[in-house]
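Structure first, commentary second.
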Amino acid sequence: MPIRIDKKLPAVEILRTENIFVMDDQRAAHQDIRPLKILILNLMPQKMVTETQLLRHLANTPLQLDIDFLYMESHRSKTTRSEHMETFYKTFPEVKDEYFDGMIITGAPVEHLPFEEVDYWEEFRQMLEWSKTHVYSTLHICWGAQAGLYLRYGVEKYQMDSKLSGIYPQDTLKEGHLLFRGFDDSYVSPHSRHTEISKEEVLNKTNLEILSEGPQVGVSILASRDLREIYSFGHLEYDRDTLAKEYFRDRDAGFDPHIPENYFKDDDVNQVPCLCWSSSAALFFSNWVDHAVYQETPFDWRKIEDDASAYGYL
């Protein structure tokens, strides 16, 4: 799928070397179709890495997407230059009068904090409330999923005894579900987190469907029945070496991390790590764009505000 982004974005050159179709405004203007508007709230510290990971997967279906990046104005990034943020990102006040067909909320390295102690929490809360009437389908990832469940349903996150890090199997639970079209009965994906949610709380506090789970990871992906909200606790978007970089970063910082499970051959960190989830990732993101966004979003964006949804409320 062609994605329309600022041609100066550093990710563009990387994507073009991978034969991924990106277009600028001039070329996009000659396509006589309405593009889908996708907003990405990027809360990850390595902004450019996450941009490339997500754009790589969003460029996987034959639909034109207009991508906007959003950042929390109440938080100052320590790892990405302010020039990059000012050039390629928008603030919430700049987008709050717009409508979007889809939104992705990434993870964030703030699991150790209570939600209310995150410095951008109030801004995040306002943005999530706004999304109910201005975004058709929202895909929450990792901490973004935990935060969304907490704000909307009061589902808590719980500290795990040790970090969950590695490539883990999950079973698909709803045969024929649109988000898992083309999937086998089971698949693997990266997980990297210190906290988890309670399946019992999800069942007792929400009307969300649990779509996949695994023995090590617990609940992995759940969604409202109308696919207006989707929660994924893994990282299908990760590159081959993302978990390795996290491991070496933590090791060099003196944290004595566990070697990511099912990742390095024979647990030898000098080996090239496996890549065994890319086809599942491609399918998942394509299914989200095609079935949750493209086939359901109204042609007139303003009707999103009038399109009432029960979401996952009981």
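In case you wondered, yes, glycine gets a Cβ from its N, Cα and C as well.
These numbers come from a predicted model, not from an experiment.
Summary of the site annotation: Swiss-Prot records substrate binding at Ser192, Arg249. Screening the candidates Lys157, Lys163, Lys174, Lys303 against this entry identifies Lys163 as the one listed for that site. Long-range Cβ neighbours of Glu111 (site 'Important for acyl-CoA specificity') (same chain, at least 6 residues apart, Cβ-Cβ under 8 Å): Trp143, Gln146, Lys157, Arg193, His194, Thr195. Comparing Ser192 (substrate binding site) with His235 (active site, proton acceptor), their Cα atoms are 7 Å apart once rounded. Within 10 Å (C-alpha to C-alpha) of Cys142 (active site, acyl-thioester intermediate) lie the following recorded positions from Lys163, His235, Glu237, Arg249: His235.
The two recorded residues, Lys163 (substrate binding site) and His235 (active site, proton acceptor), show a Cα separation of 14 Å. The Cβ neighbour count for Lys163 (substrate binding site), using a 10 Å radius and every protein chain shown, is 19. DSSP classifies Arg249 (substrate binding site) as helix under the three-state reduction.
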